[in-house]
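Here TrEMBL flags ASP288 as active site, 4-aspartylphosphate intermediate. The Mg(2+) binding site feature in TrEMBL is assigned to ASP288, THR290, ASP732, ASP736. The feature ATP binding site is assigned by TrEMBL to ASP288, LYS289, THR290, GLU401, PHE448, LYS471, ARG505, THR586, GLY587, ASP588, ARG695, LYS701, ASN735, ASP736. If you look up TrEMBL, you'll see 758-1008 marked as domain 'P-type ATPase C-terminal'. Taken from TrEMBL, the feature transmembrane segment applies to 162-183, 215-240, 793-810, 822-842, 872-894, 914-933, 940-959, 979-1004.
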Amino acid sequence: MVHRGNGIFEHTKWKNLRVGDIIKVEKNEYFPADLVLLSSSYDEGICYVETTNLDGETNLKLKQALEVTSHLNQDSMVKKFRAVIRCEDPNANLYTFVGSLDLGGQQYSLSAQQLLLRESKLQNTDYIYGVCIFTGHDTKVIQNSVGPPSKRSKIERRTDKIVFLLFLLLIIMSIVGSSYFGAVTSGDLVYDDARMARWYLRPDYTAIYYDPRRAAFAGILHFFTAVMLYGNLIPISLYVSIEIVKVLQSVFINKDIHMYYEEGDKPAQARTSNLNEELGQVDTILSDKTGTLTCNSMEFVKCSIAGTKYGRVVTEVERAMARRKRLTIAEFKSEENFQERQPTTKGYNFVDERITDGKWVNEPRADIIQKFFQVLAICHTVMPERDETGSMLYEAEYPDELAFVVAARELGFEFYERTQSSISVREFDCSSGTKVERTYELLNIIEFSSSRKRMSVIVRNEEGKILLFCKGADSVMFERLACNGREFERQTREHVLEFAEAGLRTLILAYCEVNEDEYTEFDKALTEAKNSVSANREKLVEEVADSFERNLILLGATAVEDRLQNGVPECIDKLSQAGIKLWVLTGDKMETAINIGYACSLLREGMRQIVISSETNGEKALEKLSSNSGIHKALKASVMQQIREGKELLNLSSESSEALALIIDGKSLTYALEDDVKDMFLELSIGCASVICCRSSPKQKALDSAITDVSILQVARLVKTGTGATTLAIGDGANDVGMLQEADIGVGISGFEGMQAVMASDIAIAQFRFLERLLLVHGHWCYRRISSMICYFFYKNIVFSFTLFYYDAYASFSGGPAYNDWYIPLYNVCFTALPVIALGVLDQDVSAQLCLEFPLIYQEGVQNILFGWKRILCWTLNGILNATTIFYFCIFSLETQAFRGDGQVVGFEILGATLYTCVVCVVNAQMALAINYFTYIQHLLIWGSILYWYVFLLAFGALDPLISTTAYKVLTEACAPSGSFWLVTLLVSISSLLPYFIYAALWIEFFPLYHQRTELMKATGQLNDPEFCDLVRQRPLTTRTVGYTARFGGLLHRNSMAG
């Protein structure tokens, strides 16, 4: 509703809104334009916004109006409101906003906290009032609107090339026929028309199409006739059939109960059907870590306070470390004094009797512990609310903030109320020994940003002291400590390193007391920076905050765990056995990334690691002594040298069965992606089974080279274009969209971070583990089905078109068709269409269980064995051979022999019907030979198509001769009563199919493909022999295509056999 004056609001269309309009938006409505929030139904001027349509995140965002406008919460109060807003020009940045509000001669700064974006939704708030600042195409969501890239599979692109080659073949056949026709026609009249070579054609009195006097023109006309006559060589209906098949394949993917996530009620979703077969050819997977491999649900598990480490829960990475040390979990727990516990509260999985249940007051440094818990309870932007049962619920923008607030509550410091100017906490008072309610005056919040890597809250306690609470990354926090605030620095650094090695995300907590004058000066500078209406306002604010966030006193560090999703290690291991390379892009430190790699089976015991790092002692010394250009050259030279050493190791390992893993940090990756290095880096990386890129921040996943040095999009593009192999990117967040769109296939995780990645993806799944079945089962099946379907489609069209060509040549290229005019268009529509669709939808070379048991079957798609040029050529030659056999067998057996009981030989109509019958029988029987997995549907469609031809011939031949023409009663009166017709059809079918049958039998016997070996094992009962199965699993299709586990198992088997 838009304000029309005097406090009256009226409904209007979005397109009628203008900049400066005051509008009212009610609960569950979408914002029609970009708005500056004035007030809401809450007294504090807050509102909750769902931004799923913008960034894909489902967690509600808290927005808060300026205090000076928050009282405008009724229609009547708006009528006298007058103000001037100055802001930035329209742009595509969703996360920043620079502006100011001039009200009553006073200027107030506006930020993204007051910005409500179009297409976001108002939630948990009855209504809001706002001012339109950008409308229509100027809104940020429209500025960000870009069309998704068009993706086509490699098989589809190769199909286009084959169609083009068939078109060239069609032109060549037409040219050959028309040239011959023109040459022969020109000789029909000789010696000034006194002699006729083919007198029975009456060349002296004929139409222009056969006029010997204008033979060249007749030849040109014949060319166009031939193009239309052999036109079935171009499989136009193939594309329609492929689309039908792909849609049905997508339905099977969507309905697969094994890829249904019951907890979130989310099935798999094939958002496009263009790339089904591409799922069976994936060579490299690029994966995000947080939310993709992990649950993106943080749990507070450990902490370091006053130099003492607390928390005894065993993390998943520590379990992996125990396996690497050859320890049982019991031994590992005994060694590290850890415990196991299933979390009972979301976000909290902390066990340590020293500080739980209020026992922290007995610790030596209880004062530091109290301050630590206060920082957890106060330094955040979380909003509390109570549900219908009275339980306290928290609405957090970031999952780790939620974990901190929940941990503080469980440890005795309950955050329960927030207003614009205060934060209230129930906390334990050491002096009285009871819980008290304390309210802290909220002075400022300096929010977290990727450049600051920290956030701060400035409050005034009940005693009047001003406190600065700060939390942030260790890389920026330790340098801000005061000289007298470093008492626990050494122990805390050690603990942070231990936490990182355990796969935990860490933050440093610190505080300081601020005197009144110092704060007043800071507040004035901060207000001036915020009121600056310029592009560098954010930078000005950061500079002011940077100078103030100094001389901190260290309290300790937090450690939260983002658990791996169920089934991730098993899935990665299976994909590795299938020969698929996996790249993981993570923002963790190298040590953390390596340990997580072990936990999720990306790295395995016995794997040789190639580590490329810029953090060696030599480089650190260089950075202190040299200029920027010198540093750049030295680091680049170091990276190149490490890559060369890695390639040497790669060459040595190619002679053995060991697998390699490459770990590279972000700075090194910057140099590795430069033009003169990237080819060498690519050669190294594609030889490794696993690649981990560390310290890849969210901004590094978007193509924004002006802000960052390393772009993960460059990685995706390098792998995609450099290798020519199929790449698959998988991610769950809005920051992964660029990577998903750049890769050949984008798979979105429809988890709890929103739907933006899903909306930009080609396939959506709920859990990473479903990728195993999506690729190894559905991917392999779809690749095989589409490949076989296309090859068969070309084959059947070649058979049909070449019989027409042979008949045209037999008739001196006169341009006459061998078949009735109705037979030709119905060939691809009625008599051969449905079996090929059934092949594309239902055929299976091996069962789903065997696809998962023997992952190497997947390599048939990666190496494109089933749709290579050799296989396509074989199907083409098979089609030409079948057409030759059919035509000449029929001609030689029927040309001069009595066909009817009265001794008559065959006529044009009988020969055409016999030829057509043989073609229909042969191509459908060929389908029966090519199919691996028979169901009643295949039987019905294959044999039903042959039967349908006879029914059609019977029914069509019964129509009036003006309609049926040459087909009039050709079956009932000519073909059916003749034994020659049935005998020729049978012998021609056997003769045509026998070469393929012999070839297929010899191939399976002496050169079986991997899936054929598996089927033979199943047929002979060898699947029950585990040792034989291991031997088959470790036998690679080519060198260096199998994962470590399979190779290691095979190596153990060979050793045991040798022993």
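Each position is counted from 1, following the chain as shown.
Any Cβ shown, glycine's included, is placed from N, Cα and C.
The binding-site residues listed here (THR290, ASP732, ASP736) include THR290 as those with a Cα within 10 A of the Cα of GLY587 (ATP binding site). Within its own chain, the transmembrane segment (979-1004) has Cβ neighbours under 8 Å at 878, 881-882, 885-886, 889-890, 893-894, 897, 899, 910, 914, 917-918, 921-922, 925-926, 929, 1012, 1016, counting only residues six or more beyond its boundaries. Considering only the recorded positions ASP288, PHE448, ARG505, ASP732 (Mg(2+) binding site) has ASP288 as its nearest partner by CA-CA distance. Residues near ARG505 (ATP binding site) in space but far in sequence (CB under 8 A, at least 6 apart, same chain), listed by position: MET298, ASP400, ALA559, VAL560, GLU561, ASP562, ASP588. THR290 (Mg(2+) binding site) and PHE448 (ATP binding site) are 19 Å apart (CA-CA, integer value). Per-residue pLDDT, averaged along the domain 'P-type ATPase C-terminal' (758-1008), amounts to 89 for this model. Between the C-alpha atoms of the residue listed as 'active site, 4-aspartylphosphate intermediate' and ASP736 (Mg(2+) binding site), the distance comes to 7 Å. The C-beta environment of THR290 (Mg(2+) binding site), restricted to residues of the same chain at least 6 apart in sequence and closer than 8 Å, consists of ASN296, ASP562, THR586, GLY587, ASP732, GLY733.
Of all Cβ atoms in the protein chains displayed, 31 besides its own lie within 10 Å of the Cβ of ASP732 (Mg(2+) binding site). Of all Cβ atoms in the shown protein chains, 19 besides its own fall within 10 Å of the Cβ of PHE448 (ATP binding site). In terms of local Cβ density within 10 Å, ASP736 ranks first among the recorded positions ASP288, ASP736. Its own atom aside, the Cβ of GLY587 (ATP binding site) has 20 Cβ atoms within 10 angstroms in the protein chains shown.
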